[in-house]
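Structure record follows, encoded as structure tokens.
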Amino acid sequence: MTHRPYTPWLFLLPGLAVCIMFTIFPFLNMIVLAFTDASALGSGQFTGVDNFVRMAQDPKFWLAARNSLLYMVCVVPPLVLLPLLIAMLAQKIVPGIGIFRTAFFTPVIASAVVVGLIWTWLLDSRGLVNNVVEALGGTRIGFLTDSTLLLVSSMVVTVWRGLGYYMVIYLAALANVPKDLHEAAMVDGAGPVRRFWSVTVPSLRPTMVLVAALSAVNGFRVFSEIYLLSGGSGGPGGASTTMVMLIQLTGRGLTGEVGYASALSFVLFVILLGLLLITLKLNRREDQL
Amino acid sequence: MKLVLRYSALLAILAISIGPFLWQFATSIKGPNEDVFVPDFIPDDPTFGNYAAVADVVPVWTFALNSLGVASVNVITNCLGAAMAGYALARLKFRGRKLAGVIFASSILVPFEAILISLFLVMRGLGLTNTLTGVVLPGSIAALNVLLLRNAFLALPAEVEEAAVIDGANAWQRFTRLALPSVKGTLVVVALFSFMFSWDDFLWPLVVLSDQEKYTLTIGLAYLQGTFVQNQRLVAAGTIIAVLPLILLFLLLQKHFFRGVGEGAIKG
């Protein structure tokens, strides 16, 4: 033995304590609470599946679920494709490339709050974007006052902020694409578009699946962008509320319905886990090909 | 010709990426007599007065100090705590090692949003709601960092440590003197991400904090926007205060970052 039997546990103690107290325990407790009528003040009574029955009849839940789902479906394609194109552009080492890469990554460093505030100002009814629209002969658009446009604006912000993040993932993957494949294709007379579809895309497919999964999960979890662009209200009449926002609004404060919020959290967890399992399955199929 | 095309495309994306920040900065240095709605990136009469003025309406420097404190503690606890756990998982043999690994791995699968409300109850039970300790604790040793560092320690050659064992070095000495200095690259990435994550975090501080003097920058800014939205210059100054330290920190460490990210992805 090179160490006493309890030594490893001393090394693990802080990490395990944080993990169990602040992730594992709250997670298990969330599942228990989902089947109770707990409020902010008391732990409540066991109520079986009442919370889930209520959810099925709650128009707010369906609205939030629809918004989150719509959000996810709309942000994934641009987030899979655009960062790849940017990565291909930023891959080649040319003078000043470090500056460009760093600049492209800036929106990722800035917090969702900073980004949200900047875009709230850009998309203001009298903001910069509307000034451009007007200069081009259009009429001012209520980006932040219409519930559909608010969702679309928020998606644009999410995509804008994700470009640099997924670019880095693609950059790392592109470094591993064998050069001779490209050269062979070039010898065969394949143009850049042809090479993109028949060399780059196939060899990056696992990375693209990963980016699709990450952006889907993050899209479904959206909170900050919607919160800030709507000034915390979830849009006119709360029509742009998403799942996480609904959980936060339901469970928070002295009037918080902890039981119902936990049931909503449970559904969120199941959906996200489902997304993850689908990705793993897709990845496994890739391996078999 | 090809090079011209390449640079034009790069410049176009550059404009899209940092244009919004420049516009926010331009707004933040516009004087009270200048129309902020006019699309003019260079103010006629630039002033830093808004940075002083924003502190008069909300305690923005207190917010910044709170954020700095929370982020700094988060960096230290993550680097040290995650390295210790990662070292035990990678380098020490003991019963229950698999179980410990499974606990860390499974907690990565739990989305934070799903335990938000339940975590708030835990904090209330501990009497730590509305405290900065309560803000730091849940992310203080992230399971992802534990696994990142475990992988880094696994990649180190075993021979050096075996020699140290023969020389009579105990596990703690081997950890601090041999293992830790060898994973500097990974530690920099963990530190940078921990700082960024903590500095940028919004949802958890929003839920756990209620008194204005405890606010971190992110919720302080959201509050500022809600209350003083009519003066866009002040909101702009506030956002620049929030984003500038991170940009500087990133510029300082960007070489490590792009290298560390590349390494991680290749070994992944």
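Keep in mind that glycine also has a Cβ here, set from the backbone N, Cα and C atoms.
Long-range Cβ contacts of the transmembrane segment (A:12-35) within its own chain (Cβ-Cβ under 8 Å, at least 6 residues beyond either end) map to 44, 46-49, 51-52, 258-259, 262-263, 265-266, 269. Summarising the annotation, TrEMBL assigns transmembrane segment to A:12-35 (among others).
If you look up TrEMBL, you'll see A:65-279 marked as domain 'ABC transmembrane type-1'.
Only residues 6 or more beyond the boundaries of the transmembrane segment (A:69-90), in the same chain, are considered here, and those with a CB under 8 A from a CB of the stretch are 97, 100-101, 104, 151-152, 154-155, 158-159, 162-171, 174, 196, 200, 204, 208, 211-212, 215-216, 219-220, 222, 242. Under the heading transmembrane segment, TrEMBL lists A:69-90 (among others).
Within the chain carrying the transmembrane segment (A:102-122), a Cβ under 8 angstroms from the stretch's Cβ atoms is held by residues 86, 90, 128-129, 144, 153, 156-157, 160-165, 167-168, 224-225, 227-229, 231, all 6 or more beyond its ends. Among the features that TrEMBL reports, transmembrane segment is placed at A:102-122 (among others).
Summarising the annotation, TrEMBL assigns transmembrane segment to A:149-175 (among others). For the transmembrane segment (A:149-175), same-chain residues at least 6 beyond its ends with a Cβ under 8 Å from one of its own Cβ atoms are 67, 70-71, 74-75, 78-80, 82-84, 86-88, 90-91, 101, 104-108, 110, 112, 115-116, 119, 123, 141-143, 200, 204, 207, 210-211, 214-215, 218-219, 222, 225-226, 229-230, 235-236, 240.
TrEMBL lists A:258-280 (among others) with the feature transmembrane segment.
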